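Noted in TrEMBL for the protein shown:
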- 122-307: domain 'FAD-binding PCMH-type' (DOMAIN)
- Val150, Val151, Thr152, Gly153, Asn154, Thr155, Glu156, Val157, Phe230, Asp253, Leu297, Lys315: FAD binding site (BINDING)
- Gln660, Phe691, Arg805, Ala972: Mo-molybdopterin binding site (BINDING)
- Glu695, Arg773, Phe807, Thr903: substrate binding site (BINDING)
- Glu1154: active site, proton acceptor (ACT_SITE)
Amino acid sequence: MSMPYLWTRLRDILFFIHQSLCRPTQLVEECPPLATSTLVGRSYETARRAIRQPVRDGHSTNILLHRVIAKTPASVLCTCSPGSYRATSEEHGSFTSSSSTTVVLECDQSLTKAQPVHSLCFHGSRVTWLQPVDLQEFLLLKWKSPLAKVVTGNTEVGIEVKFKNLLYPVILCPSFVSELNSVTHTDDGVVFGASCTLSHMGAVLKQAVETLPPHQTEVFLAVLEQLRWFAGKQIRNVAAVGGNIMTASPISDLNPVFMVAGCKLTLMDKDGSRVVQMDDGFFTGYRRTVVRPQEVLVSVEIPYSQKTQFVSAFKQSPRREDDISVVTAAMSVTFAPGTHVVQDLKLSYGGMAATTVLATKTANRLVGRCWEEELLQVACSSLAEEMTLDPSAPGGMVTYRRTLTLSLFYKFYLTVLQKLRQQGVNVDEVRSDCLSATEVYHPVTPSSVQIYQAVPEGQSQDDVVGRPMMHLSAMKQATGEAVYCDDVPLYENELYLSLITSSKAHARIISIDTSAAESLPGVVCCVLAEDVPGSNVSGPVVYDETVLADQQVTCVGHVIGAVVADTQLRAQRAAKAVKVEYEELQPIVTIQEAIAAQSFYEPIRSIQKGDLEAGFKQADHILEGEIHMGGQEHFYLETNVTLAVPRGEDGEMELFVSTQAPTKTQSLVAKALGVPANRVVVRVKRMGGGFGGKESRTTVLSTVVAVAANKLKRPVRCMLDRDEDMLITGGRHPFYGKYKVGFLNSGKVVALDVSYYSNAGNSLDLSLSVLERALFHMENSYSVANIRGRGFCCRTNLPSNTAFRGFGGPQGMMVAESWMTDVAQTVGRPAEEVRRMNLYVEGEATACNQVLESCSLDRCWDECLSRSDYQQRRVAVDRYNRQNRWTKRGLAIIPTTFGISFTAVFLNQAGALVHVYTDGSVLLTHGGTEMGQGLHTKMVQVASRVLGISCSKIHISETSTNTVPNTSPTAASASSDLNGAAVQNACDIIMRRLEPYKSKSPEGSWEDWVKAAYFDRVSLSTNGFYKTPDLGYDFDTNSGRAFNYYSYGVACSEVEIDCLTGAHKNLSTTIVMDVGHSLNPAIDIGQVEGGFVQGLGLFTLEELRYSPGGVLLTRGPGSYKIPAFGDIPTDFTVSLLRDAPNDKAIFASKAVGEPPLFLASTVFYAIKDGIRAARAESGLSGPFRLDSPASAERIRNACSDRFTTLCGPPAEGGTFTPWSVQV
């Protein structure tokens, strides 16, 4: 593909994205464009198909100016004269005629916001979209259709239509009405038209701040502060100020500012106008205002502040960047001139009621008082009484939210004190140790250092092993040319499938009514359990699942059936029309409920070494504790997708699947279809991320799509939306750990009894293996002579949890670090000293009686201490904490010891296939799949070294079951080891076959030897195979080798926490990782960094929230937050340990995918260290429980102080129904 052509197409795509954001088609269900979120992580081909989409019968639909009307029933856009509308609907309802169809926009100026010349109308079977060009026309339309939805940026309505299934028959888009886009400066303030974007408003206010006297811009600065954290720039570029107000969200960032400022709104209808003030009467209920149905918001006036007025705005959210608020607030105080006597006070909060509210009672009590400590005490007591929440309030976090109302006011109080002193008013000086509470956060540009070993002296420049070679797909992925599963071009007569899922966690199915769905346009059929031609029984290890639910559902999201239609939109709409009648049964949702009901999967696993009773008798101290660790969503960029293509004879079927386990997919699809595995071919080009989530749960979708394709004898495709994927596929297992630890006065641990409970979900899946690995890592890196661990898989009514990077290891080690922290706090010694004295050393045996060989743990520890300047940091952190009351810093250094191998011995095998063609090019295939981790790149490097040829001569096309059979999943961090050895084996065979020709012509080229062998009738194709030797562990005798070897690493992290809000900053992280002799340092360091950041989300940010009834409440990026750029440590150093060869793996390398993830727990324990310092200020000492993740809520609640005391203890469990439960 030529670069000019590529740039032309990229320009087209960018133009299309721009139009999608600011033009109306995404609002009209009959003709939606490609949403920008759809393009994330997708290839150029996907975008190209969206821009010029072939219709289902193979004929093309040409869209001029790249206006997309694709994959949907048709709507025809008409250009009209100003002030009038001519809407026409395409008679047949869809572009499926036998000839090509062209939709023409007669005037391209109608697409340019700067030059509106025509009114526009989009008219479909369910929605009419109207765009007026002047205010009178807009008012007339709103008068005629008072219930019409008014939109500009579509940042709210688009979500409501797609995810909340709302339908707005008439939509008005006044984006081009000049009065609604104007900005006017008056004597009282700045008037913004309601359609002004937030970006434009911010630019105007910023300019005003730079030019006006400071005392006039307090309100403007508060608005700008909120805009800094308001969504992302792309959203601010299209979201309108009027939309923000009229949406009336109770957690709006801006409405509290508008309320305390007393902003005036101009409302109009066709008969006239009125002005209303944003006060405590403006919002009349949840998402309701005083604006009448026929009225429209024309403008908002943001006033100048007064000389003695001070305004601040606050936003507290789970993640600082691009996140919705937990609590948002704005506060304005006006003083009598020259005094600190409160003349007027307004306190507004979002997130504390069904609307944005004013704390009027508190404000009234404070008017007339002096701004001093007494006022603060009265204010906090009054706010604690006034700002209450029902224990069952939506959003949960009731104690945290109540505490924030006080904490944020305290920040405001200190800030105003400072400003009063700056104006010369005689008020108390803010204590130096409290100044940090007034600081406004500004992100610091992060920096990073990457250190890795050089290749040995004398290594040939042509030998790429050990060199930082770029990922082979990097350029294709960066340019969008990389092909993913859903980029496979549409087949003729292809259909789309949408799943029918359970809305109940545990119920009997009484009836399934598909009549309404089957009557909808474009629907071909519904697929239910009786349509499965083979076995409806499924499951990756134990057959305890069904392809489609039969008689009973056991979780919300349980797949009951599917609807197949000619487009995605029609299939999804029809799936929602299917009516399922249930008889509800009592669900078990949480680990605690499972323990109470003794709902466990068999077997109960146990590992024991030493004499536990004797160990506890030896101990000077015995301590008991517990910790809960939440689950985690995989959140791969590419959701689950399958394309099934029947081959028309002998039951053959070809599947394109985004999966880590092609063989398991092949096996379960064949089982569902009732055919031998040799009739099913599964192909995997690459995945857009997997992280374990595509090891076993992909078959939930693949089997259903295959059954539908088999039934209809037509290609069927399905790519899950993000909310579907999160609902159906499960994630990392939540764990609950209980421990009893015995230790000496020195801190040396001599006995440990620990129990693990994992929330497995509604099927066993891989949960037993996950639990076993947790037990294998229950002591992390510490030598404990007397130890017992027991593990229980809890059977619950949640979607089955599954593999996730670390596979139980992080959960096991997290509990270990909890008791190790408790031990250090109890004996009063530095945590790093206690950890160091308990570290494993060379030759010691683990809890599972495996002797450690080539143990580099002490080297990693010492190097990390040195590189991080740990001792100097410790001194600096302690000094900082003495000098600051409301911000604290914490520091932690933690090791990891991670076993490498599948714990299921039979999976430790791999195959490879090498074809050498007569031109000297090599086609390499192996059993591993590429999910972005660079496996294919490493395999090419291995082949390049063994064959002695350039990487450019070697190509890997895909992974498929018809080239390398019986493959193990790409998992357990062992894929480079296993497949690399298999590739080496195959290439060695090829080289032995070529050896006679090399000997005969030593000066010849690779191509010469290949041709000579070919003409001599020597096979240039061969298979390679490898199995890991000497593996096998017996739980009954606690003997054998569970792992081939161990990977080691140590990390040190420093954080800063805000004790008043629970927010934290990741200041520094230093990692030293033993990866043996790295095959590719660039890829390995990328894996270390990526694993760490994913662990950062696990331990500090990501929370899956479930209702008491088992409904996942966090289904998408709006409510589930993964780390953002601002969460990366400001100083990030990664060093690969030098001179640490590993004789157990290919070319002395080591696995790197999973081991680094747990090192992010250093951030968690650094946070806990900071909380310890905060609690000491309140006279609290000793061990305390902190569950994972260390969210802002948990951090704030753990920092007990006078504000948390004022809010009182939370309501007792059992006296109310919580919004969410800890599963």
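Note that the numbers count up from 1, one per residue, in the order the chain is shown.
Glycine is treated like the rest: Cβ placed from N, Cα and C.
Positions of the features from TrEMBL, shown on the structure.
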residue	record	Cβ neighbours (10 Å)
Thr152	FAD binding site	25
Asn154	FAD binding site	26
Phe230	FAD binding site	23
Leu297	FAD binding site	23
Gln660	Mo-molybdopterin binding site	28
Phe691	Mo-molybdopterin binding site	29
Arg773	substrate binding site	27
Arg805	Mo-molybdopterin binding site	26
Thr903	substrate binding site	21
Glu1154	active site, proton acceptor	27
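Note: Val150 (FAD binding site) has non-local neighbours Lys142, Ile171, Leu172, Cys173, Pro174, Gly243, Met246, Val296, i.e. same-chain residues 6+ apart with C-beta under 8 A of its own C-beta. Every protein chain considered, the tally of other Cβ atoms within 10 Å of the Cβ of Ala972 (Mo-molybdopterin binding site) stands at 27. Cα-Cα distance from Glu695 (substrate binding site) to Gln660 (Mo-molybdopterin binding site): 5 Å (rounded to the nearest whole number). Around the Cβ of Glu695 (substrate binding site), the number of neighbouring Cβ atoms within 10 Å comes to 25. The local packing around Glu156 (FAD binding site), expressed as other Cβ atoms within 10 Å of its Cβ over all shown chains, amounts to 17. Close to Phe807 (substrate binding site), meaning Cα to Cα within 10 A, are the following binding-site residues out of Thr152, Asn154, Glu156, Leu297, Gln660, Ala972: Ala972.
Ranking the binding-site residues Asn154, Leu297, Arg805 by Cα distance from Thr903 (substrate binding site) puts Arg805 first.
Candidate binding-site residues: Gln660, Phe691, Arg805, Ala972. Nearest to Glu156 (FAD binding site) by Cα distance: Phe691. Using a 10 angstroms CA-CA radius around Phe691 (Mo-molybdopterin binding site), the recorded positions that qualify from Asn154, Leu297, Arg773, Glu1154 are Glu1154.
Of the chain residues outside the substrate site list Glu695, Arg773, Phe807, Thr903, Leu766, Ser769, Val770, Glu772, Ala803, Gly808, Gly809, Phe902, Ala971, Ala972 have their Cβ within 8 Å of the site's Cβ mean position. Listed in sequence order, the residues Gly690, Gly692, Gly693, Glu695, Ala803, Phe804, Phe807, Thr970, Ala971, Ser973, Gly1153, Glu1154 complete the 8 Å Cβ shell around the Mo-molybdopterin site centroid, once Gln660, Phe691, Arg805, Ala972 themselves are left out. The two recorded residues, Arg805 (Mo-molybdopterin binding site) and Arg773 (substrate binding site), show a Cα separation of 12 Å. The average pLDDT computed for the domain 'FAD-binding PCMH-type' (122-307) is 95. For the pair Thr152 (FAD binding site) and Gln660 (Mo-molybdopterin binding site), the C-alpha distance works out to 42 angstrom. Among the recorded positions Asn154, Phe230, Leu297, Glu1154, the ones whose Cα sits within 10 Å of the Cα of Ala972 (Mo-molybdopterin binding site) are Glu1154. When the Cα atoms are compared, Arg773 (substrate binding site) and the residue listed as 'active site, proton acceptor' turn out to be 12 Å apart. Recorded residues Leu297 (FAD binding site) and Glu1154 (active site, proton acceptor) have their alpha carbons 54 Å apart, per Cα-Cα distance. Rounded to the nearest whole angstrom, the C-alpha distance between Gln660 (Mo-molybdopterin binding site) and the residue listed as 'active site, proton acceptor' is 15.
In this entry, substrate is bound by Glu695, Arg773, Phe807, Thr903, whose most widely separated C-alpha atoms sit 16 angstrom apart. Geometry remark: Asn154 (FAD binding site) versus Glu1154 (active site, proton acceptor), CA distance 40 Å.
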